[in-house]
Amino acid sequence: MVTSLYRNGNGRLNSYTQDTANLGVVNQLCPLPKTPLFGTDGIRGKVGELLNASLALDLGFCAAQVLKATMPTPGPIIIGQDSRNSSDMLTTAITAGLTSAGVEVWQIGLCPTPCVAYLARNTEAMGGIMISASHNPPEDNGIKFFDHQGLKLSKGLAQQVEDLLRNTLESNSQRESSLSWGKYYHRRELIEQYLQQLSLSIPTDVNLEGMRIVLDLAWGAAVEIAPQVFKSLGAEVICLHDQPDGDRINVNCGSTHLNLLQQAVKEFGADLGVAFDGDADRVLAVDSEGRVVDGDYILYFWGQTLKAQDKLPNNLIIATVMANLGFEKAWQNLGGQLIRTAVGDQHVQAQMWETGAMLGGEQSGHIICHHHGVSGDGIQTALHLAALVRQSGRSLGALVEQSFQPYPQILRNVRVEDRERRCNWKDCNPLQIAIAEAQAAMGDRGRVLVRASGTEPLIRVMVESECAQSANYWTEHLIGVVQKYLA
């Protein structure tokens, strides 16, 4: 069964589905891996290998079945995308799968991931899909799913989608035809709702007039919305990488490459700069001297503000295992609590719901504040950081100097292309021995974290220590072991 798209007399895109013997041919050439498809942020990989049009088509059909069976009420699916060259193709294919299952699709085009999450929660939609690989390079892409509450699919629902997909492909069975085809609508006007809530999340007595702010938009999903909302609040905005560009998204720019932002902030005499990733669900900042302000600092500043306003239950912040020990100790010295989770904003979100925490996030810049939404939002976080600086009457650099001294922390990545070897790295005995040696040597003055990336073919090695020399030594030792036995 193959679904084609066509426009009717009203210009709406509808689907036509017919049986064919060729369904799944592309997937037969690129079989699904034995390891789980869903990582820490949906399905992600290199386009043309794991991700292709055939997989997106089948995935859309299977996701439609699961969502229709589990969401409280039927409704449309909202689809947004970033600027990658492959995003149009994957959007079209997954739309065909959804509409062939009888689900209506609202396509909103280029937008940040948090926009899809917000609209899934605040319209009659039964879910949302974002086509993006976040901070990954241009040749990658990904598919993120949200439920009707704007939350990423639970592990249970994601597993149901994956199980149905595997059964469909492995049995090479034909899908049962829907009694009626779903329709497709272009609903870009919905983005205005998201823009309005961004502006309304800032206190009405705060404006950014007189502040000069540099925005690194990473050639990605934030290029239209971020400048618009900062300007609407009175800021003087200087934009870098401010056009959608599928060839250059995240390339030497954005939240993973801050050099150009640091230079621009100093060159233009800006108060601060912020850098988004390709889908704008995370943000990092730099102060007027070009010093990096990561997610730990943002959590600390925002936590202080909410604590002073009595809006932070139990003075609790949820962070991940990557959070710096210097941040944790400083927050505890203020009477705060910090709970760590595994890496991934989905884990942070789950712990926030479980504990009733209102603030959580990651060092990498995914920040969630339940006072303003249920998902990490880079643009919203950047707005609040700028507002906090304005309200404080001090510079961002002064706030950093008065906060905490981070422990020396070194993070290195080793590329491991073999998916099964990467996912089963804990079975590597020499690496486990090396980790134990490093941790024993540093004792309670440092820590080691080794993990497989949930979004890229990497083994990540992090060593943190009071002593920079010790951190450097053990990082190099562990990297050598990973390269020898896994790479």
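The chain as shown is numbered from 1 upward.
Cβ coordinates come from backbone N, Cα and C, glycine included.
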**Asked** Say Swiss-Prot lists ASP277, ASP279, ASP281 as binding Mg(2+): which of SER134, SER154, SER403 is in the same site, per that record?
**Response** SER134
**Prompt:** What residues, ordered by sequence, lie under 8 A Cβ-to-Cβ from ASP281 (Mg(2+) binding site) and sit at least six positions away in the same chain?
**Reply:** PRO112, THR113, PRO114, SER134, ASP345, HIS366, SER375, GLY376, ASP377, GLY378
**Asked** So which other residues, same chain and not among SER134, ASP277, ASP279, ASP281, have a Cβ within 8 Å of the centroid of the Cβ atoms at the Mg(2+) site?
**Response** ASP82, PRO112, THR113, SER132, HIS135, GLY220, ALA221, PHE276, GLY278, ALA280, ARG282, GLY378
**Prompt:** What is the Cβ neighbour count of SER134 (active site, phosphoserine intermediate) at a 10 Å cut-off, with all protein chains included?
**Reply:** 29
**Count of other CB atoms lying within 10 Å of the CB belonging to ASP277 (Mg(2+) binding site)** = 32
